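The structure under discussion appears below in the form of structure tokens.
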Amino acid sequence: MKKDLDEIDTDIVTLSSFILQEQRRYNQKHKNEEGKPCIIQEASGELSLLLNSLQFSFKFIANTIRKAELVNLIGLSGIVNSTGDEQKKLDKICNDIFITAMKSNGCCKLIVSEEEEDLIVVDSNGSYAVTCDPIDGSSNIDAGVSVGTIFGIYKLRPGSQGDISDVLRPGKEMVAAGYTMYGASAHLLLTTGHRVNGFTLDTDIGEFILTHRNMKMPLQHSIYSINEGYTAFWDEKIARFIAHLKESTPDKKPYSARYIGSMVADMHRTILYGGLFAYPCSKGNNGKLRLLYECFPMAFLVEQAGGIAVNDKGDRILDLVPKTLHGKSSIWLGSKHEVEEYINFIK
């Protein structure tokens, strides 16, 4: 019995306390130029409050998804979203949860959501803009596949009252980004430009607990994640590269394919184990994934974890500038070795 008690870790760190600790560390560092680097870039506490509001929405969404089938939230809502996809019932309710949480915290001035055609301007004095895909992978949710919420945060430009120019900016100007994956457990990955930390929701106490500190992607792993059903529509170089990954030689084993069809689930595995995730352009389009609330946040996380994120041409994702709220891009992101191999292959 004593042995069992000794194995229980009671030195837990919640997301709320982690955010406050990092803010205090920032304040202390800038008073005496000592102390460890921290993740919270703004010492006013406004970003801390915003992150706490986000985690509330993630808890609410996680609870809603767990009960979805029992309370008839599975299926279509009959509404078409900003990108032309027919909304699931869960898309709508989780979008409402997210927007309500952002409007009520007093720190958020602008909201961009996949489910909303236009920019939402909040009646507040907030200094931040939040971009979000409330439920990524919702087309698979009826089958019980893991889905997630992806988010990014910009600080408004100096002197701005809040307009579209505050979000039509390069991804490298985001101050925070992350996602929450809703599966067997709810897993939250967060960065504010200094490391990536992972949290797991303990449903008994209702708190996200720090479980993965300072996450780093493996430099190489022989797994790729891509929808090969579109092979016939890819550029020839891209098709040849994927074929190259599957080649077997005396010196190289073929790569294994792992594709779930939910970006958050596929990327969670890729960040933990390494490898490559890609969603290239099909002929005649500019890609499927949206820059502001899919490509940028994931690229921000991947780079902070030691990986690389580029588009079909090999251009850095975080250097791109979206032309519209729902502008799209191709994307290749993952371990340093795999993405560099792709870049060298297409040159």
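Every residue, even glycine, has its Cβ placed from backbone N, Cα and C.
Since we're looking at a predicted model, the values are computed, not measured.
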Exercise. Taking Glu114, Glu115, Glu116, Glu117 as the options, which does Swiss-Prot list with Asp133, Ile135 at the Mg(2+) 2 site?
Worked result: Glu114
Problem set entry | Same-site Mg(2+) 3 binder from Glu22, Glu247, Glu294, Glu303, given that Swiss-Prot records Asp133, Asp136 | Glu294
Seminar exercise, completed: All chains considered, the count of other Cβ atoms within 10 Å of the Cβ of Ser262 (substrate binding site) is 23
Exercise. So which other residues, same chain and not among Asp133, Asp136, Glu294, have a Cβ within 8 Å of the centroid of the Cβ atoms at the Mg(2+) 3 site?
Worked result: Glu114, Cys132, Gly137, Gly148, Thr149, Ile150, Met263, Val264, Leu289, Arg290, Tyr293
Exercise. Between the binding-site residues Asp133, Asp136, Glu294, whose Cβ has more other Cβ atoms within 10 Å than any of the rest?
Worked result: Asp133
Exercise. Could you state the CA-to-CA distance between Asp133 (Mg(2+) 2 binding site) and Ser262 (substrate binding site) to the nearest Å?
Worked result: 12
Seminar exercise, completed: Under a three-state DSSP reduction, the secondary structure at Leu47 (AMP binding site) is helix
Problem set entry | Integer Å distance between the CA atoms belonging to Glu294 (Mg(2+) 3 binding site) and Lys155 (AMP binding site) | 18
For this session: Write out, in the order they occur in the sequence, the residues of the chain not among Glu114, Asp133, Ile135 that have a C-beta within 8 Å of the mean position of the C-beta atoms of the recorded Mg(2+) 2 site.
Result: Asp91, Cys94, Asn95, Ser113, Glu115, Cys132, Pro134, Asp136, Ser138, Thr149, Ile150, Tyr293
